[in-house]
Structure formats: structure tokens, C-alpha cells
Amino acid sequence: MYGKEITVADREMVEERADQMLREAADADVAFLVVGDPFGATTHTDLVVRAKNMGVEVKVIHNASVMNAVGVCGLQLYRYGETISIPFFTETWRPDSFYEKIQNNRRLGLHTLCLLDIRVKEPTLESLCRGKKVYEPPRFMSVNTAISQLLEVEELCGGSAYGADSLCIGVARLGSDDQKIVAGPMKKLLDVDFGPPLHCLIIVGETHPVEEEMIEFHMIKS
């Protein structure tokens, strides 16, 4: 494409071998392309800091991301609270640190955008113990899995931050021609087939009449 060499930079390369990229950028134009907003990840901000400290000029080309594109579901962007991430649970690791953030958002009547786990090129625990990395198959969390885990955490924490009847909006493949947006109670969204990734979930807070009209377009049919 355009006669330029392209290197696929996975997270491991960006986090552990960024020095090579920065050294090349000192003498030539290097483009670092990312999905979504370039400052949506701390790693990318760190790259800019390191480049500037090396005297490398940085030009940023902004892009849409889930953080603003999610407005298509009809909820007003300034009525969102803190965004949370939901990781895949394992048999020995079932974190609930996001629960308090959801609870705080709900108390303030704000919507909560839940970003769902993406596991790509993740080494297995067994391979790390052996000192030779073997990678898991790629996994992308679905809206259904996210809701199941959220309900499990609510049952354990018992703070009534949300429940099976709480209104949510599930979004799949945001921005693509086949994007899917479905609104409804958590318990009903559990049974919806959202299709291929990527997915995200919004826990709806207090709503404005215009938001309610927009939500109605996406409401699951009884």
C-alpha cells in the first residue's frame, strides 16, 4: 500500500521494543497506526513522551473511537460517568474493582460505558512458568459474557448498583455497516445473539426524554 513497508505491531512489540521504532523516527518519517483514538491507551501517550524527550517531532492525526462513536445509540455523551473495563474471569481470578465505579455512576444518574476484554497474543500462564511463551487463541468478550459476570459480581457485592432488570444497551461492531444495537433489561440481553466482535455494553443511568425516544428505536422486542 503506497509502496511503504508495513510492520504489524502487536502489544508486545509496542510495549517492549518501541525503542527501535523511536530510533528510526529520529531520521525518517515513521507512522504508527492504531485503531480508535491514538490516546485511548496509556502506552501510546508514553510513546509520545519518549519521542519528545528524544527530540523527535510528533504529529497526531485524531480519529474516532468507541468513546465518542457510542453516541449513535442515543445517549448524550456528557451524561456518561467513568468508563470501566470488564476482564475475562478465570477460575482463580474474578476481579470486582469496577463495581464501585458503576455504583458511583449510578448514584449520580450517569450512564456507564463498559469496555469488554480483548485477549490477543496473550501467553498462557503455563508457558510463562516454563520460560517459553505459548500464546492463547484470540478471545473477544461478548455482551452476554459481560452481563453474566456483572450479575455475578452484583450478587457477591450486594450493593444494588444494578440488577437483572436494569436497562442496558449492547453494541456490536460499532461503526461498521453491520453494527448491532439492542436495548433492554440485562436478563433479556443475555439471550441476544450479538454476532461477531467487537462488543461493548452501556449501563443506562437517568435518561432525558430525547434519550428515551432514541432508546426506543433499539429496544428489544418482547
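Positions of Cβ are set from backbone N, Cα and C atoms, glycine also.
Here's what TrEMBL has on this protein:
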- 11-189: domain 'Tetrapyrrole methylase' (DOMAIN)
- Asp37, Gly40, Ser65, Val66, Leu116, Leu174, His199: S-adenosyl-L-methionine binding site (BINDING)
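Remark: Gly40 (S-adenosyl-L-methionine binding site) has Val34, Ser65, Met67 as non-local neighbours, by Cβ distance under 8 Å and separation of at least 6 in sequence. Around Asp37 (S-adenosyl-L-methionine binding site), the same-chain residues six or more apart in sequence whose CB sits under 8 Å from its CB are His62, Asn63, Ala64, Ser65, Met67, Asn68, listed in sequence order. Annotation note: His199 (S-adenosyl-L-methionine binding site) sits in a strand segment as assigned by DSSP. Under the three-state DSSP scheme, Val66 (S-adenosyl-L-methionine binding site) falls in the helix class. Once the Cα atoms of Asp37, Gly40, Ser65, Val66, Leu116, Leu174, His199, the listed binders of S-adenosyl-L-methionine, are compared pairwise, the greatest separation found is 17 Å.
Mean pLDDT, taken over the domain 'Tetrapyrrole methylase' (11-189), works out to 92 on the 0 to 100 scale.
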